[in-house]
Amino acid sequence: MNSNQDKVCDLAIFGAQGDLALRKLFPSLFQLDKAGLLDAETRMIGLARDHVDQPGFKENVTEHLKKYIPADELDNEVLQRFCSRLQYIKLDFATEEGYDQLVATRAKVKHRLICYFATPASVYGPICENLSKHQLIDSKTRVVLEKPIGYDLASSCEINDQVAKYFDECQIYRIDHYLGKETVQNLIALRFANNLFGSQWDLNHIDHIEITVAEKVGIEGRWGYFDKAGQLRDMVQNHLLQLLCLIAMDPPSDLSADSIRDEKVKVLKALQPITPELLTTHVVRGQYGAGTIDGKPVPGYLEEENAKSSSSTESFVSLKVMINNWRWANVPFYLRTGKRMPEKLSQIIIHFKQQPHYIFAPEQRSIASNKLIIRLQPDEGISLQVMTKDQGLDKGMRLRAGPLQLSFSDTFHADRIPDAYERLLLELMKGNQYLFVRRDEVEYAWRWCDRIIQGWEDQNTRPQKYPAGSWGPVSSIAMITRDGRSWYEDSA
Ligand SMILES: NC(=O)C1=CN([C@@H]2O[C@H](COP(=O)(O)OP(=O)(O)OC[C@H]3O[C@@H](n4cnc5c(N)ncnc54)[C@H](OP(=O)(O)O)[C@@H]3O)[C@@H](O)[C@H]2O)C=CC1
Ligand SMILES: O=C1O[C@H](COP(=O)(O)O)[C@@H](O)[C@H](O)[C@H]1O
């Protein structure tokens with residue numbers, strides 16, 4: 001195959017009329033087209049079961065582009081080119097109806113087929129089976145699986161097995177959209193291109209690490225899905241554990257997908273299991289009640305659209321996670337994530353140890369440790385909190401903690417930070433698997449989370465209430481305070 005044929009592809013989006021496709025995938029593909037990153041012959045084939053003709057489909061996609069892309073970025077020429085790449089095929093994924101049309105569309109082309117499953121995971125298996133029956137799979141075909149892959153380890157293995165009957169692991173791209181975020185990518189550069197940090201990245205220099213992924217939004221009309229999942233399955237099993245792996249892993253020997261994934265798997269295998277005895281001290285789960293965000297009243301979890309009157313599903317979870325290996329023995333990783341928090345904020349704070357001997361004012365001791373603050377969103381950037389002498393003749397040798405800042409948008413004059421899906425779709429088309437999750441990563445993550453969920457079920461506990469607009473139940477603060485530490489914004 002020549003290199004040009006290698007770049008061109010047919011991207012078949014199963015579930016093309018759904019929320020993910022219309023809100024994220026088509027807008028991201030449009031941005032790639034605009035940036036000149038799509039081959040001239042690349043096509044997008046939308047598949048869903050709605051009765052809609054070709055113009056109707058293009059109209060629907062265009063309407064959503066207009067909704068999700070700022071008007072000044074919607075170039076008309078690009079829009080026309082983008083629409084000319086679109087086709088729609090009516091297909092029922094679970095039956096054989098419609099697959100012949102996909103075969104016909106592919107009849108005269110030799111380039112790669114990439115199948116993006118923007119559908120419930122329950123139809124991944126049937127789609128693979130039908131693709132195979134219609135001889136639509138060959139060694140070049142790639143398949144993209146959206147999260148969540150399963151509900152627990154057993155169901156995840158079942159789905160992965162169904163897909164593995166038809167595709168090799170090197171053809172499977174499991175999405176965790178956090179891996180496509182600009183600053184998440186930067187964790188690798190930060191750690192492995194800077195000796196300053198690389199040489200200090202262990203139990204000898206780091207006291208503890210915080211990972212916060214807070215959302216302002218509530219359930220956003222997804223109560224039916226969310227109530228079966230909860231925040232541990234929805235956010236920790238994938239996004240937070242991936243972040244933890246990138247922070248905690250040993251340096252990979254190179255940047256290949258498998259070198260990075262091998263190191264991440266070692267971290268997942270070294271996670272201290274949260275046994276029933278540790279459940280009360282190492283995990284807090286919460287559910288929001290009514291409260292106020294940005295000065296406006298918002299309903300509680302049980303008052304959201306389509307909610308049932310009772311539920312023990314958590315919308316918040318915080319955890320103290322230990323990693324049993326040589327690099328991280330006795331260094332706690334405090335993780336927390338929740339819905340209806342006071343702000344949307346994803347950040348990682350590396351708290352370095354204090355100097356071994358302290359010579360400044362005793363009352364300033366608590367500020368005298370370096371913190372590396374990695375902002376994933378919003379205001380992507382990195383800031384290192386360092387101690388300097390407070391300025392002024394009358395200040396003596398008083399310390400002042402101040403930041404050395406690197407704001408990505410200011411420093412690199414980036415007008416827009418690409419959406420995670422743009423990067424993921426581009427790497428998918430290039431065939432780079434390093435931003436996608438390997439099967440064993442998913443399964444080790446489930447194994448660790450399943451134990452926590454089993455513990456909750458066995459102990460029949462309910463989540464603690466927290467008011468919308470707060471940082472979670474007070475016991476989340478107590479969990480870290482017991483260790484003589486505090487969540488970053490509490491001490492800021
Ligand atoms: N939306 C999001 O932000 C995110 C979604 N995901 C994952 O992405 C996937 C898609 O999510 P989302 O877009 O929200 O879901 P939607 O329900 O909005 O879209 C799913 C699409 O698949 C179609 N579909 C489902 N079953 C069949 C079938 N048997 N035959 C033909 N069409 C079918 C639906 O058609 P119909 O409307 O007729 O049922 C719809 O077009 C899920 O796995 C979800 O977990 C992951 C992260 C974020
Ligand atoms: O995967 C998911 O992520 C979103 C949060 O993503 P972000 O990029 O906005 O931080 C979360 O709202 C959703 O519940 C979950 O399924």
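Cβ coordinates are placed from backbone N, Cα and C, and glycine is handled just like the others.
According to TrEMBL, the protein has these features:
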ACT_SITE  HIS239  active site, proton acceptor
BINDING   ARG49, ASP92, PHE93, LYS147  NADP(+) binding site
BINDING   HIS177, LYS181, GLU215, ASP234, LYS339, LYS344  substrate binding site
DOMAIN    13-186  domain 'Glucose-6-phosphate dehydrogenase NAD-binding'
DOMAIN    189-487  domain 'Glucose-6-phosphate dehydrogenase C-terminal'
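On the structure: features taken from TrEMBL.
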residue: ARG49; record: NADP(+) binding site; DSSP (3 states): coil
residue: ASP92; record: NADP(+) binding site; DSSP (3 states): coil
residue: LYS147; record: NADP(+) binding site; DSSP (3 states): coil
residue: HIS177; record: substrate binding site; DSSP (3 states): helix
residue: ASP234; record: substrate binding site; DSSP (3 states): helix
residue: HIS239; record: active site, proton acceptor; DSSP (3 states): helix
residue: LYS339; record: substrate binding site; DSSP (3 states): coil
residue: LYS344; record: substrate binding site; DSSP (3 states): coil
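Closest in space to ASP234 (substrate binding site), of the binding-site residues given as ASP92, PHE93, LYS147, is LYS147, taking the CA atom of each residue. With respect to LYS344 (substrate binding site), the closest of these recorded positions in Cα terms is HIS239, chosen from ARG49, ASP92, PHE93, LYS147, HIS239. Spanning the listed substrate site, residues HIS177, LYS181, GLU215, ASP234, LYS339, LYS344 have a farthest Cα to Cα distance of 20 Å.
The most densely surrounded of the binding-site residues LYS339, LYS344, judged by C-beta neighbours within 10 angstroms, is LYS339.
Candidate binding-site residues: ARG49, ASP92, LYS181, ASP234, LYS339, LYS344. Those with a Cβ under 6 Å from ligand 2, in sequence order, are ASP234.
Cβ packing within 10 Å was compared across the binding-site residues ARG49, HIS177, and the lowest neighbour count falls to ARG49. For LYS181 (substrate binding site), the nearest neighbour among the recorded positions ARG49, ASP92, LYS147, HIS239, judged by Cα separation, is HIS239. For the binding-site residues ARG49, ASP92, PHE93, a Cα to Cα distance of within 10 angstroms from HIS177 (substrate binding site) holds for none. Proximity of the recorded positions ARG49, GLU215, ASP234, HIS239 to ligand 1, judged by a Cβ distance under 6 angstroms to any of its atoms, singles out ARG49 in sequence order.
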